[in-house]
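Here is the structure we will look at.
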């Protein structure tokens, strides 16, 4: 990563505090293994594959937390430009509007501004990944039966952040000289969810033909 990119992405301009893995734990070792693959310049399609001898749920859990941290950071860099005025609807262009629904205040899908949606989304994900009943951190504690359904919901909602950023705020990402980093984050995310069938192909359609910098997202698919 260039020095300029490091300055942008090392800022504390995150939407939420980063979730970290405890040193000495299995998740921490898997996290280091995943990062080593990326830092070695390994093909992203290969880097996302389950390492021999590892449990798939552990590998998925580590990546969910990593993607939450990275996407949280990406959105944080443009959040000053994503306002009630500029983005009164959480959308990905005229064809895609994303409505919020949860088990508390918004029982029915509700149209919200992008900043409202992002706040609720990050709050909700943080609750999920910090819930030991869903994301157990102790070695030997089994994952619950609803682990993958929750993961799929988390990732499908995180994908919507990419959609909104690419379609409505990519000019800002370009101005910061950060498009290469964001593109790599998206490619990594895309190959991971495809490798483990974690997002329905139809849900990925908003970025199939969108132009990303000088290349089309379609070329990665």
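Using the three backbone atoms N, Cα and C, a Cβ is placed for every residue, glycine included.
A TrEMBL annotation is a machine prediction, not a hand-curated record.
Annotation comment: TrEMBL describes 82, 87, 164, 169 as Zn(2+) binding site.
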Sorted by sequence, non-82, 87, 164, 169 residues with Cβ within 8 Å of centre, Zn(2+): 78, 81, 86, 114, 165, 168
Sparsest-packed of the listed binding-site residues (164, 169) - C-beta count within 10 angstroms: 169
Intrachain C-beta neighbours of residue 87 (Zn(2+) binding site), sequence separation six or more, cut-off 8 angstroms: 113, 114, 115, 164, 168
Cβ-Cβ neighbours of residue 82 (Zn(2+) binding site) (radius 10 Å): 21
